[in-house]
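If you check Swiss-Prot, you get these features:
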BINDING   22, 23  phosphoenolpyruvate binding site
BINDING   93, 122, 123, 124, 125, 126, 305, 327  UDP-N-acetyl-alpha-D-glucosamine binding site
ACT_SITE  117  active site, proton donor
MOD_RES   117  2-(S-cysteinyl)pyruvic acid O-phosphothioketal
């Protein structure tokens, strides 16, 4: 079993380049199934386990897929099958985004109920409601969602919650529907805009991505195209916090300020210096951090995917701060692990009360989900002694070479095989 070992106390300095966004690339890869002509070429694709998983799903569906360096090519011009089995979908709940493209392209979709990080229930009913509004017949049997439609017809769909996945799935299904589809109360994340841009490059007619209402005029067919994935705003935010908590000076290359304006506002409120430069965002950590309260919200609010990382900087701040989670239930599983490192935290309903500044102590901790994995490593950067983080399968779903990038900025961090190290002499690693 691999683990990451961090020796705290090093200031981070230098520059780090962001990769393509995980949350953007997965639906874009799924959308390549809509193209009945040509070969799609996707650039700036991150080397993540989730990308390999969705590529395997597409291969199973009979698409021709290759992934070399940071480029994915997909040819889906052959006869596409419509059955995405449990063995793939269980690894990653985002696999459900193939459902909209399959329904639009083949008239049917059979997709296993999804897996991924165990963060609350995250139901798929909003996706299915949209498909049904467009004329699909949907049923759930034996752990599979089955949807069929002789033809999809444009409809008006109101989302009870601005779900990112539902917005993407319904938007993709609507591209080949007959007539006009209007989706209200949609997600407004940058990844939605990136997907809409890709669809439009293929010949779709999607208007309003990034606003609360998206309108899609259905077309008869879509043609493959070339597209570069936007930079990962969550990876950028994670490294911004790493720089801030270590009192460092780091340029986050390719970070887009407009994509993380809520995080920038909160960090500046805490005393962190943020400078927008031509090729990214520079972060300069202060001597002391001020406590602030944070509430996660759908975009453009504070992103839930930055919640656990933000809690690290909150627990290092002077005074009491509150983190309130409004997007997902059961997303505080990492709190117990942080307490093992001497964090003063108390869960009260949908909030965590954090008292600081904590004097963090290195400990052996287990990642509970993707972002918690990164947060525990961040905590290790400022803890006294050695922090050992296990369950790296979560980290690899959303961060490529995370330890290597931290090393390049000056951190003492190593990724090791547990069976090949002497845990009584961790100093020998550095």
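Cβ coordinates come from backbone N, Cα and C, glycine included.
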Rounded Cα separation (Å) that holds between residue 23 (phosphoenolpyruvate binding site) and residue 93 (UDP-N-acetyl-alpha-D-glucosamine binding site): 12
DSSP three-state assignment (helix, strand or coil) for residue 124 (UDP-N-acetyl-alpha-D-glucosamine binding site): coil
C-alpha spacing of residue 22 (phosphoenolpyruvate binding site) relative to residue 327 (UDP-N-acetyl-alpha-D-glucosamine binding site), in angstrom: 19
Three-state secondary structure, residue 93 (UDP-N-acetyl-alpha-D-glucosamine binding site) (per DSSP): helix
Of 126, 327 (the binding-site residues), the residue whose Cβ has the fewest other Cβ atoms within 10 Å: 126
Pairwise Cα distance for residue 93 (UDP-N-acetyl-alpha-D-glucosamine binding site)/residue 22 (phosphoenolpyruvate binding site) [Å, integer]: 13
Number of other Cβ atoms within 10 Å of the Cβ of residue 305 (UDP-N-acetyl-alpha-D-glucosamine binding site) across all protein chains: 23
Least Cβ-crowded entry, counting other Cβ within 10 Å, from the binding-site residues listed as 22, 93: 93
DSSP three-state assignment (helix, strand or coil) for residue 305 (UDP-N-acetyl-alpha-D-glucosamine binding site): helix
Candidate binding-site residues 124, 125, 126, 305, pick with smallest Cα gap to residue 22 (phosphoenolpyruvate binding site): 305
